[in-house]
Amino acid sequence: MAHVPHEVDAVVIGMGVGGEHAAERLAEEGLDVVGVEAELVGGECPYWACVPSKMMIRAGNLLAEARRVPGMAGDSQVVADFAPVAARIREEATDDWNDQVAVDRFTRKGGHFVRGRARLAGPGRVEADGQAFHVRRAVVVATGSRPQIPPVPGLEATPYWTNRQAVSVKEPPASLLVLGGGAIGVELAQAFARFGTAVTLVEAMERLLPEEEPTVGALLADVLEEEGITVRTAARATGVRHADDAFRLTLEGGQEITGQHLLVATGRQPHLAGFGLESVGLDPQARALAVDGQMRAAAGVWGVGDVTGRGLFTHVAMYQAEVAVRDILGRPGPDADYRALPRVTFTDPEVGSVGLTEHAAREQGLRARTGTARVPSSARGWIHKAGNDGLIKLVEDADRGVLIGATSVGPAGGEVLYGLAVAIQMEIPVDRLRHMMFAYPTFHRAVEDALADLGHGD
Ligand SMILES: Cc1cc2nc3c(=O)[nH]c(=O)nc-3n(C[C@H](O)[C@H](O)[C@H](O)COP(=O)(O)OP(=O)(O)OC[C@H]3O[C@@H](n4cnc5c(N)ncnc54)[C@H](O)[C@@H]3O)c2cc1C
Ligand SMILES: NC(=O)c1ccc[n+]([C@@H]2O[C@H](COP(=O)([O-])OP(=O)(O)OC[C@H]3O[C@@H](n4cnc5c(N)ncnc54)[C@H](O)[C@@H]3O)[C@@H](O)[C@H]2O)c1
């Protein structure tokens, strides 16, 4: 191992996307930085989350498109094979879950890497792998999040999957129960189903993706059911058993559903406990690490990424890391701004949203006006035909005449979102948006229809 200095400028605890970005940037700026990682540098996103799941989704989308050929372009016979997907995840995405490339990238920039579990031992004091560091300038807490496992009786004793096992399989299971109809649940349910897995998706709330506009969950449930997925909403699991290579999930009311595997995707919780936060006056029992607009958690301590409980997205972790780095370097800059935080769930159709939903806007006491357009009724949606499900919904603050929220569901829903995110971030008056030209026939042209509908859709 390289010589590790004990007096250092900064220690980054957790080298997931947030910590890795902060550590690399600080090293590039010439600071003496130690990065500590207990597992793999890069964290959840490249090895067990965003990247492998999106490779599965890309492959599943190809199958779905090929199955849409009949009636549109001739005939097709699709033989699904998961082997190339499993190989890509091993060879291209994760290097068989080896992070040497990422470690080398960091050390080449001048950083000092320590493999191990770091512990705060008081202000400016960090211990890891039997070494003690005296930190002159900054400790960055970037410990991420962990799956939140619900207290369903019997569950803990079963070999259930989290996202980690789900994206590491070499073959799709014959059948799969998915507990949780949030982002992970819907993305992986659809991807596996397209490879032939019989999927049952169980969501406790009334709708899938319950944080999104109500119409979104209903639309997505229809699409998934059309593809052969059994969707159970407002369904509570009261017990789980695993016997004879099968999971048996009992639902409130007594119905039992079975599957070869069970994926638990019921949310993630920030990782605060067990690494000495109390030694710097912070609460390890808190729901998330509280930070101010410059990502400061305490004197000499910054927090970035999932641990802060904001958004739980890779782009949020990297954005926050930039803010923290600037502040650590003593450069003035604006506070982190989440008004136009974009979210994309990569189902087919993609579900993109940014800013406030209508409900959230009203809860904040804003006078919300909404406008909606259906993608199949737009020129491009009509031309697209098979797989054209989707909608655009806009939420305007009627008092200020600017958009404060938008939803874009459709074949390119996540991409269409971009223009809406710019409009919200820049507070472009709705009256000016109405006088823009929207290229014909793009998917984003449906935004023009939704703008015209503002005030009529309420
Ligand atoms: C299945 C799935 C799909 C996802 N898809 C997307 C997507 O498409 N787009 C998107 O934007 N987001 C997606 N996300 C969310 C994204 O993965 C996270 O927001 C992102 O990984 C957060 O990065 P982070 O650095 O905060 O934390 P993490 O990636 O969790 O990294 C934290 C790191 O800290 C380490 N650590 C913890 N404690 C210590 C300690 N005491 N000492 C040393 N190391 C420690 C951990 O080992 C870990 O490597 C997805 C998540 C999942 C689960
Ligand atoms: N495309 C993306 O950007 C992407 C993809 C996957 C995950 N993520 C991130 O990862 C995080 C975790 O994803 P997730 O899907 O686990 O969480 P989530 O919070 O998005 O969804 C969890 C779902 O599980 C439901 N639920 C909770 N307890 C339940 C129970 N006992 N029975 C049935 N349903 C229950 C909730 O009502 C909710 O709908 C997300 O917050 C998201 O930020 C992002």
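Using the three backbone atoms N, Cα and C, a Cβ is placed for every residue, glycine included.
Per TrEMBL, the feature FAD binding site maps to LYS54, THR143, GLY144, SER145, ASP306. Among the features that TrEMBL reports, NAD(+) binding site is placed at GLY180, GLY181, GLY182, ALA183, ILE184, GLY185, VAL186, GLU187, GLU203, GLY267. According to TrEMBL, the disulfide bond annotation covers CYS45-CYS50. Residues or ranges marked as domain 'FAD/NAD(P)-binding' in TrEMBL: 9-321. Summarising the annotation, TrEMBL assigns domain 'Pyridine nucleotide-disulphide oxidoreductase dimerisation' to 342-450.
The two recorded residues, GLY180 (NAD(+) binding site) and CYS50 (disulfide bond), show a Cα separation of 17 Å. Counting other Cβ atoms within 10 Å of each Cβ, the lowest count among the recorded positions CYS45, CYS50, ILE184, VAL186 belongs to CYS50. Proximity of the binding-site residues THR143, SER145, ILE184, ASP306 to ligand 2, judged by a Cβ distance under 6 angstroms to any of its atoms, singles out ILE184 in sequence order. Reported as a whole number, the C-alpha separation between GLU203 (NAD(+) binding site) and ASP306 (FAD binding site) equals 23 Å. Not one of the binding-site residues GLY180, GLY182, VAL186, GLU203 places a Cβ under 6 Å from an atom of ligand 1. When Cα-Cα distances from GLY144 (FAD binding site) are compared across the recorded positions CYS45, CYS50, ILE184, VAL186, the shortest belongs to CYS45. A helical conformation is recorded for LYS54 (FAD binding site) in the three-state DSSP classification. Other Cβ atoms within 10 Å of the Cβ of ASP306 (FAD binding site), summed over all protein chains shown, number 31.
Among the recorded positions listed (CYS45, CYS50, ILE184, VAL186), CYS45 has its Cα nearest to the Cα of THR143 (FAD binding site). Across the residues of the domain 'Pyridine nucleotide-disulphide oxidoreductase dimerisation' (342-450), the predicted structure has a mean pLDDT of 98.
LYS54 (FAD binding site) and VAL186 (NAD(+) binding site) have their C-alpha atoms 13 Å apart, to the nearest angstrom. Between the candidate binding-site residues, LYS54, THR143, the densest Cβ environment within 10 Å is the one around THR143.
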